[in-house]
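Written out below as structure tokens is the structure these notes cover.
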Amino acid sequence: MHRRQGRVNAGLLLLLYQISQVGLQNIPSVTLGVLALNIFLFLNPVSPLHEVCISVHEGFYRKNWQRLLLSPVHHADDWHLYYNMISMLWKGIMLEKKLKSVWFAYIIAVFSVLTGVVYMMLEFMLVKILDDPMYEKNCAVGFSGVLFALKVLNNHYNPGRVSSVLGFQIPSKYACWVELVAIHLISPG
């Protein structure tokens with residue numbers, strides 16, 4: 001997990017372009033704050049990725065709990081940031097208007113911590129089920145878990161919609177699960 005320095009961050013530039021196309025005035029305050037925090041921490045990380053990522057070993061055994069707060073807002077590279085923040089932009093616009101800013105901020109905070117806890121639980125289960133201690137060392141960063149939870153919430157508030165996943169039309173209530181499997185197959189880890 002090393003970010004390459006000294007190169008043009010095309011993903012970051014494209015993200016900033018997309019945000020400008022939407023217009024800052026059209027982005028609700030919490031959503032804009034989440035975007036700004038993630039961009040700021042991409043440009044000025046708290047620590048190197050291997051010191052903020054969440055794993056069973058670091059989070060549970062070493063009791064390094066601040067990683068639950070840091071891992072969701074750090075990204076492996078500019079394209080990881082781009083895809084996560086574009087998804088956040090659209091989900092945030094839809095959900096924050098529906099839920100109102102205070103409740104949406106609370107949901108983002110809770111989902112940010114809980115996704116790290118769920119990640120550690122799943123990795124711990126893999127250690128036990130597969131009898132492979134390497135799963136304790138798997139370390140993750142990024143906002144994807146929060147986005148997955150927001151997608152489920154968005155599907156709850158907007159039932160009956162259809163989504164296109166890899167060109168297939170799927171009811172939105174199942175699309176997030178199909179996307180999760182597709183992402184894992186396309187980009188494991």
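Each residue, glycine too, has its Cβ placed from N, Cα and C.
If you check TrEMBL, you get these features:
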SIGNAL    1-24  signal peptide
DOMAIN    63-182  domain 'Peptidase S54 rhomboid'
TRANSMEM  103-127  transmembrane segment
For the domain 'Peptidase S54 rhomboid' (63-182), the number of residues DSSP places in helix, strand and coil: 89 helix, 9 strand, 22 coil
Integer mean pLDDT for the domain 'Peptidase S54 rhomboid' (63-182): 90
